[in-house]
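All remarks here apply to the structure that follows.
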Amino acid sequence: MKYTSYILAFQLCIVLGSLGCYCQDPYVKEAENLKKYFNAGDSDVADNGTLFLNILRTWREEGDRKIMQSQIISFYFKLFKNFKDNQSIQKSMETIKEDMNVKFFNSNKRKQDDFERLTNYSVTDLNVQRKAIHELIQVMAELSPAPKIGKRKRSQTLFRGRRASQ
């Protein structure tokens, strides 16, 4: 009886593993559709290196990578916005944008909305410029790491000295 459950579990793992080979993330098919539309598979696309991949490879720490990824995602959102009226690729862009929301924003709609609002501010708008300068000092203060407030460690030599003398 015990062995049958092991065999069934093993078979389940094999079936699920083989299904994983045939399943792709939804964005892969849609990205291929966009590649066709933009002729991104042509050999001249590789001229002068990559736009984003070398940058992502350079930065290994999670915080640094998040900063770079946010700029890259901002670029893609702007690109998709420029082609939002194009019916032939609209589904692909929406699928990829939705997948970015899941992967980058952890499906947090408010976080994505705030991100998009930030990327949509026009730097040529006088009112936006004035507000940005007005908030600059507070923004700079937020960028600074918060001072660490914690307990000081006691010197262990004090305790070691007592043990040695006893």
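FYI, residue positions are counted from 1 along the chain as it appears here.
For all residues, glycine too, the Cβ spot is worked out from N, Cα and C.
Quick look at what Swiss-Prot annotates:
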type	residues	note
CARBOHYD	Asn48	N-linked glycosylation site
CARBOHYD	Asn86	N-linked glycosylation site
CARBOHYD	Asn120	N-linked glycosylation site
MOD_RES	Gln24	pyrrolidone carboxylic acid
SIGNAL	1-23	signal peptide
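All features noted in Swiss-Prot, drawn onto the structure.
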residue	record	DSSP class
Asn48	N-linked glycosylation site	coil
Asn86	N-linked glycosylation site	coil
Asn120	N-linked glycosylation site	helix
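For the glycosylation sites listed here (Asn48, Asn86, Asn120), the lowest count of other CB atoms within 10 A around the CB belongs to Asn48.
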